[in-house]
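Reading through the structure tokens given below for one structure.
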Amino acid sequence: MRKLQIHVFLIFFLCNLNINAQITDGLSEIDVLMEQGDSLLRDNHKEQAFDNYQQALALAAVIDDTMALADLHKKIGVYHYLKKEFERAEESYRKSLQLDSTTKTAADTYYNLYLLKRKLPKQGNILPYLEKSIALYQNLEYDASTYNAYLSAGTVYKNNQLYDKALELLLLAHTGFSDLNDSRQLAKVSSAIGNIHNHLKNYDQALDFHKQALELGNLNNGEDEKSSYYNNLAIVYKNLGQQDSAIVYYTQALNLLESDNVNYGKILYNLANLYKSKGRNDLARENFELSIYYKKKKNDTAAVMYSYNGMADLRLIQGNLKSAKVYLDSVASFLPHISNQLVLLDYYKNQVTYQRRVGAYRLASDYQKRYSELFENVYDLERTEIIQTMQSRFAYEKKVNENLQLSLANQNNLLLLEQQRGNLLNKNWMLAFLGLVVLLLTISYYVYAQKQKAKEQALKIEKLEAIYQGQETIKKRIARDLHDIVAANFNGLRLKVLAMPRASDQNVLAENIASDIEVVNDQVRKVSHRLFPLEMMAKGRPFTAIIKSQLAEFQLYRKIEVQLEQELPPVLNDLDFEVQNHIYSILLEVLHNVAKHAQATQLDIDCEVIGNKILQFRIKDNGMGLDDSAKNGIGLLNIKQRAELLGGHSSIQKVNGGTEVKFSFPI
């Protein structure tokens, strides 16, 4: 019996060992097949790679290896993508995500789906694929795939003018590709960051990043990419008004391109405009004509219209009205087929000049009217985009305030309905028991009135607390946003320091770095004072001393003379800390508004105790006065709300020779 048990155990052990060996062999064979497939795909042997992936897929299915199956479906998706079989590629990617939605394979697959969707004519909203990819990468160990996703997302955000988000991701990609010594991708990142700074009119930073992109691009990038880096530098120099430098870089960009490149004619057009502005009309004409020739070869109608307008303007400058009319007529023949407003704007402007020159003043007036209307539309749109960019950082905070106010308005409406229902109930009772329960109704009414009063007081307190919480939320979010700005500045400083060994003039760069550090220091000081003002400065000092210190600092840095009408009352030092914090925050808000908007040279401050019961502040500047459009701003709303939280009130009004702010509250 014992021998039989031993034999059974040995048979079971050997079978189990054999199964484990088969699984181990299966796993190693899958890995080998996948590695061979990857190598074949890199060498452009697509069909052989596909065969390897299919064999590995069959083995993975036998042993039910979910992770391997997900990875293989992703690789098969790449195979179909390279063959431009986009529907089959998407099908494979989605199979991969059904098996695995949390690992690096899923992050790669979401990124691949984004690349695939970008190729399709009907893209739809493809950004979620990229954002899901980034969300997964952020929880994994960073590698080249992570930084490529950051570069792609940063570029998308840049194109949508979401510059804060774009810079955050692009700076991470910049650091990552630097660590990987990937000069080609690092050049692309630097170029994208440079384009953002150029759009934000930070031209010095734009030049730094574009020069870095060019230096890196010269190592191993293709001619088209190098040309784009020269072109970007030319654009920045043109914006700086350095036309000769812009011409040099445009010329270098042009020399690197083949004449059949879509950008060839556009660069010729930019060169022609620069020559025209410098009065070198022969070179301007030559480049305009060449740009027309190459743009026509590409059937780029809108681009050709730009060049026609440029030639018409040049001929008008030269006084050749006959030739100018030929180009104007050429533009006119295409007007029904184009919607580019800038082309129309240039056309109307040239028509105004031409019609005046030939004495057709009525036509000139008509074109002038069209030009003015279109100009207003075009530049209103540009101004709107600029304002949206500047305000995007605070849009969410403003929405928080609006939601709070809407919530409070709804509560007020509910209270009104309650009052109406209560009144109706009272009338019914009075009609039913008028002669019998007069005393009871009187008592009931008294109790009801007291309850209503209590409700109103509770609602008022709730309203004020909600406003206060909303303001604190706004302050914290502004603090976080400003912290991001400062962090971005430090990244910029780090890059400048790294660039010092390669700088032609290290002294100038060192001065720039010192200046940037001073700016960042000033930003940090302002942020710390505005976000947690009193806590940061108290340290056992009297409140009156803190106020005087802040006023002295304001006078020193803002160059605005501050006059105290009388000594600050000592009662300020005996107030509760919460009350002092509200007073100090109101004072900071007023000083901020004076420094930013008033254009004042003097500030008069008076604080007095009225009848031992009311503390009143009066602050008056000699600036330009309060703009009506600013009365509903967040800053002035903050002053009003804090005064209400103190149980007082405030007034802000334009007076002769400036603005006067008053706030008072009981003590």
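Cβ coordinates come from backbone N, Cα and C, glycine included.
According to TrEMBL, the protein carries these features:
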- 578-667: domain 'Histidine kinase/HSP90-like ATPase' (DOMAIN)
- 70-103: repeat 'TPR' (REPEAT)
- 187-220: repeat 'TPR' (REPEAT)
- 227-260: repeat 'TPR' (REPEAT)
- 1-21: signal peptide (SIGNAL)
- 429-448: transmembrane segment (TRANSMEM)
Problem set entry | Spatial neighbours of the repeat 'TPR' (227-260) far in sequence, C-beta under 8 Å, 6+ residues away | 187, 191, 194-195, 198, 201, 203, 206-207, 210-211, 213-214, 217, 221, 267-268, 270-271, 274-275, 277-278, 294, 297-298
Seminar exercise, completed: Across the repeat 'TPR' (227-260), DSSP labelling yields 26 helix, 0 strand, 8 coil
Seminar exercise, completed: The predicted model's mean pLDDT over the repeat 'TPR' (187-220) is 88
For this session: Determine how many residues of the domain 'Histidine kinase/HSP90-like ATPase' (578-667) DSSP places in helix, in strand and in coil.
Result: 36 helix, 33 strand, 21 coil
